[in-house]
Every structure is written in structure tokens, then in C-alpha cells.
Amino acid sequence: MQTKIVKITDENKKEVLEKAANIIKSGGLVVFPTETVYGLGANVFDEKALAKIFSAKGRPSDNPIIVHISDEDQLKELVDTVSEQQKKLINAFWPGPLTIVFEKKKEISDIVSGGLPTIAVRMPSNPIAHELIYLAGVPIAAPSANISGRPSGTTGEHIYDELTGKVDMIIDAGFSDIGVESTVLRINNEQVLILRPGAITKEMLEKILFPLAVIFAKDRRELQFSPGTKYRHYAPKAKLEIISEKMEKRAEVLKEKKLRIGIITTKQNKDSFEKYKPNVFVLGDRNNLEEISQKLYDALRFFDTHPVDIILCESFPKEGLGVAIMDRLDRASM
Ligand code: TXA
Ligand code: MG
């Protein structure tokens, strides 16, 4: 398949998005930017197009896909009922990086829901994503744009390598703002389960949903509601170790064993790792978790082109956005 790759600008935006919308309408695949990570999109009502998403990504068929909408009317095409709590969340956080799990309409394909009776929906705030969905006139089903098991793509370059030849078009808009995938949540029996942490944090959800309890889904029974979490994820090609203290010491020990070492560190600590250059990636300021999350997958992918035996990465406090950052790092190191 020939892949059309375009860097989107103010000048070509209208033309590019019209072409992309036409591809979606005629059953093709388009990679597009969102505020979290890039998505690999297809018309949610076109089963053939949905099947192509799974083959392009090498994705297991029981892993359901998030559906992206541009306005609340489109939600009615996907679900019959929206609860009071769900309404509160929509008012507070849409458009934005929050995915809500609803009971799905019967007509919605099992390919999207991975056979579950539910459907995960979000309304992205990225204006390019918004415009594309609007012009396509249909909700767009889109997993993250990456080969299954690899870190999500957060720049055009990440995606060229993996998906050229497998999709009809790639819209490159530079770095994603947030850099980690949306928060996914499900409300059941007066309990709010965070199935995947993201930029909408537990604290932000609690403020809106008080007095409802918000908890992170941890055990197997809870996570059966989010099949994606059982697969290996976000993995760089080399082994990854997350280090909470004395990273220099750990690096010394491994160096003595003649291992090639990669370092993921921050502005505050980078001077300690001069001798490991060029295999050093500086994420940004430790005290600015937005900066850290934005560069996280770029850091993991950096070592695809800087081959090492083991990557050591600084750890971050599991608070606020730090929960999502550490969730992805923990999974990448499994
Ligand atoms: O930020 C994001 O959410 C990005 C952008 C493109 O929007 N998308 C994304 O999609 O991360 P994906 O497919 O890589 O991850 C979707 C996650 C998986 O963990 C999947 O299991 C879960 O959402 N999910 C999808 N549908 C679900 C459902 N009906 N019930 C529970 N979890 C669901
Ligand atoms: Mg993904």
C-alpha cells in the first residue's frame, strides 16, 4: 500500500483534512494527531476498515478500540444511555484526554468492542483530530498508532518507521502535547475504576465525582474490564530497569560487566552520566511532569537507534501525572 505522508501546516490544513476525511469515508486508514498520542483511525461503522486496523498493528482481536467523537451528538450513535455521573465527567473533561466506558448500542460491531458489551469513547481536544472527525462525519475508531507492544507514537517520525506501507495516510503535526494515552475509566456499582491512568488524574476525577470513590483497577477481576492491560506494552527493544535511587552506582556495576548502558535521566541529574554519552536521553525537568510525559516514548524509542544492552531510567513520584508516567515505565520494564 502506498502511504501518503504529510506535514500539516496552516496553509495546507484544509486540503489535507479533506483528503484524510475522504479516506476515512471510503474505508481507509489515517494516522492523525491527538493531544495524547497519535491515533490509527478508521470509520467505526465499517467492519472491513476496522479489520485493517488490527492487521496494520498486529493487534490481538480481543483488545477493544477507543472511539473518537467530535461532538456530543455522535455519542448518541454509539450508546443508548448516559448516566448522571457520566454526564458530569463529560461536562468537566470533554474535549480532553478522558475515555469513558459505556454500555454500547447493539448495532456497534464486536470488532470495536473486542466482544465486550461496552464501548470506550473519548472526544479529543486536539483541533486537527476534531476537524478530521467532523469532516469524516462518523466517529473514528482509533488505537494508538504503533505496532502492538511498542511505545505509542508521539511524533511523525515514530510512525513512519512502523506504519509506512500499512496505512493510507499519515498526518504529521510534530510532538503530541501530553505524550501518554488518555485516562480510561468505567463506573460500576457506585464505584469508579481507573482502568488506565492518564493526564486526567484520580484527584481531578474525585473533585467532580465526590462522594463517589475513585480507585485504580489493580486485580485481575477488575482488569478483565480492560483487556488491553494484559498485554506487554510500551516496550523498547532493550531491557529497561527503573531505578529509584543510586542510579550511578547501578550503572557502574553494569559497566564493569561490560554491558552497553543507556540512561534516561532529567536535567537535575544529567551531569552524573556524562561518561555514558551518547547513550543518554534527558527527559526534561524532574519537577515538571508534563515535560517528562511528553518525551517519555521518545526516550524509549531513542534506544532503537542507540543500541544498548540495558536502559536505566530514573523513577518519578506516583502522584498526579506521575501515576501515568510510572504505569507506562513499569509496563515497559516487564
Ligand atoms: O489517548 C488515547 O487513548 C489514544 C489516542 C489515539 O486516543 N488511544 C489509545 O488506544 O491509547 P489503545 O487502543 O492503544 O488503548 C485503548 C485502551 C486499551 O487498554 C483497551 O483495552 C481499553 O482502552 N479499552 C478499549 N475499549 C474498552 C472497553 N470497551 N472497555 C474497557 N477498556 C477498553
Ligand atoms: Mg496502544
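The chain as shown is numbered from 1 upward.
Quick reminder: no glycine exception, Cβ is built from N, Cα and C everywhere.
In the three-state DSSP reading, Arg122 (L-threonine binding site) counts as strand. For Arg122 (L-threonine binding site), the number of other Cβ atoms no farther than 10 Å from its own Cβ, over all displayed protein chains, is 24. Taken from TrEMBL, the feature L-threonine binding site applies to Thr36, His68, Arg122, Ala142, Ser182.
Among the features that TrEMBL reports, ATP binding site is placed at Arg59, Asn63, Thr118, Ser144, Ser152, Arg196, Tyr234. In sequence order, Val37, Tyr38, Ser144, Ala145, Asn146, Val180, Glu181, Tyr234, Tyr297 constitute the residues six or more apart from Ser152 (ATP binding site) in its chain with CB-CB distances below 8 Å.
What TrEMBL lists as domain 'YrdC-like' is 14-200. Confidence across the domain 'YrdC-like' (14-200), taken as the mean pLDDT and rounded to a whole number, stands at 96.
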Check: Of all the binding-site residues given, namely Thr36, His68, Ser182, which is spatially nearest to Thr118 (ATP binding site) at the Cα level?
Finding: His68
Item checked: Secondary-structure category, per DSSP, in which Ser144 (ATP binding site) falls -> strand
Checklist line | Site extent for L-threonine, whole Å (max Cα pair distance, Thr36, His68, Arg122, Ala142, Ser182) | finding: 12
Next item on the list: In three-state terms from DSSP, label His68 (L-threonine binding site) for me.
Entry: strand
Next item on the list: Among Arg59, Asn63, Arg196, these being the binding-site residues, pick the one whose CA is nearest to that of Arg122 (L-threonine binding site).
Entry: Arg196
